[in-house]
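Marked as domain 'Major facilitator superfamily (MFS) profile' by TrEMBL: 51-496. TrEMBL lists 106-125, 132-157, 192-210, 222-241, 310-331, 347-367, 379-397, 403-423, 471-493 with the feature transmembrane segment.
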Amino acid sequence: CLFPRKSQFQKYLYDPTTKFDSKPNSSLPAKTDMVSSTLAPQPSWFTAKRLLAIFCIINLLNYVDRGAIASNGVNGKHSECTKSGTCSSGSGIQGDFDLNNFQDGVISSAFMVGLLLASPIFASLAKSVNPFRLIGVGLTVWTFATAGCGLSINFWSITICRMMVGVGEASFISLAAPFIDDNAPVDQKTAWLGIFYMCIPTGIAVGYVYGGLVGSLLNWRWAFGIEALLMLPFAILGFVMKPLQLKGFSHTGSKRPLTSVQTEAVASPCQDGSFQTRNDSMDDSKSAPGILNQLTRFWMDMKVLLLDEVYIVNILGYIAYNFVIGAYSYWGPKAGYNIYHMNNADLMFGGITIICGIFGTLAGGFALDRMTNTISNAFKLLAVATFFGAIFCFAAFCFKSLYVYIALFAIGELLVFATQAPVNYVCLHCVKPSMRPLSMAMSTVSIHIFGDVPSSPLVGVLQDHTNNWRVTALILTSVLFLASGIWFIGIFLHSVDRFDEENELQVSVTDRSNTIPLLGETTQSL
């Protein structure tokens, strides 16, 4: 009961209401309601735009937390003594727990450790547990861990809580972008990713201002408590709303993914309305424990990623880029305060970041869509924007005038933030749909474990050695030239957009709803 022609199977795959004659030379298919009642996806409260809006708010809160802990109002400063012997009391986390710059950097890195350890775990679980529910679990962990930061009593307690905040954020970071990529209009995919990733600089900048205000008006502990209350409704939403399916995965009737790297399932309707499914992969679920199967699939998928030169070059450039951005976000307010004697460093640095972050990230997304969103064009945009952004940021720290610094640094940040949508577009489209969560997870792990995890304490050590924030900032900024050079190599690599690779012969009939937009919209048949 196979289809007479492949073209008929393709039409049936994208339009389940189409009925075909079983004869090889049959005429054009006639429409019927044969399976529409069983295969049509149930309507959800979510629309594509509502999903984008909710994910943007969650992403904003995540990065408000990162900005708040780096602000002078929350992070504070340790006690200082003058040569005459007069000592001033410290403030914030650093003052209350009497931390040096290295320990202060460790608190930032602890968050990243939790994030990088949990990201691949959540990505692997997405093949057996509905990804939407995993996001709810992660946000719940985030909420309680953030509240714990406000109740911490010493360096170790806040370090552990920050690590758990990273664990909670891992599920959202790994799974949100694939959901958005599935439901964005075809000609606006990068723009939608740009809107989502715009929340990174915006959240950090708002966090600087928010942390400064709460720290000065109330106490640094209140900042974490308010964040937890704001995130709580979204954590609950992840459990009470009808879960959404993610393209390339099936969680109905089977806990195993129907479209993994190792699996190829073909479903064919027979004349009597029944279905046959041919599975070309070995069913090893009976021969080994479930955990072993998960690990086997994980290592197989990891091998595919590590052999993909487009993915590797993209991530290497992203690591160098994030090394700088991570240190900027954590040490920026302190550097500005010490170099240019800004009494309102949180407001000033936060204001520059929020304006440039919004316009830069949106501009990068819309620019790539205008250029035609291909992987090669994404690398061109990444290399050029980062190179000129590095020039302006480096030049900014060379001037002693505050106003010249603000002008040049603002242009530099505008260009640097234009990379957010293109770099994640490459991560999503250089792999098959079923591997997108793992691609995003390993991207997150890599850019943090080799990027901003070591950069925060290393910059602290460098500053303790040089005792000159201007020199430290110039050395740090020069790493952006390395990022630009790596992405430039990507322009010349052979790249293939794999977004639709699993749409045809690798999707079962019961999971056909995953080949159309998940929020009730329809696609055009091939």
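Heads up, the Cβ atoms here are built off N, Cα and C, so glycines get one too.
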Test of understanding: applying the rule of at least three C-beta pairs under 8 Å (pairs 6 or more apart in sequence), is the transmembrane segment (379-397) touching the transmembrane segment (192-210)?
no
Test of understanding: applying the rule of at least three C-beta pairs under 8 Å (pairs 6 or more apart in sequence), is the transmembrane segment (132-157) touching the transmembrane segment (471-493)?
no
Would you mind listing the long-range same-chain contacts of the transmembrane segment (310-331), meaning Cβ under 8 Å and 6+ residues beyond its ends?
66-67, 70, 105, 108, 204, 375, 379, 382, 386, 416, 419, 423, 426-427, 430-431, 439, 442-443, 446-448, 450-456, 458-460, 463, 476-477, 479-480, 482-484, 486-487, 489-490, 493-495
What is the average pLDDT across the domain 'Major facilitator superfamily (MFS) profile' (51-496)?
81
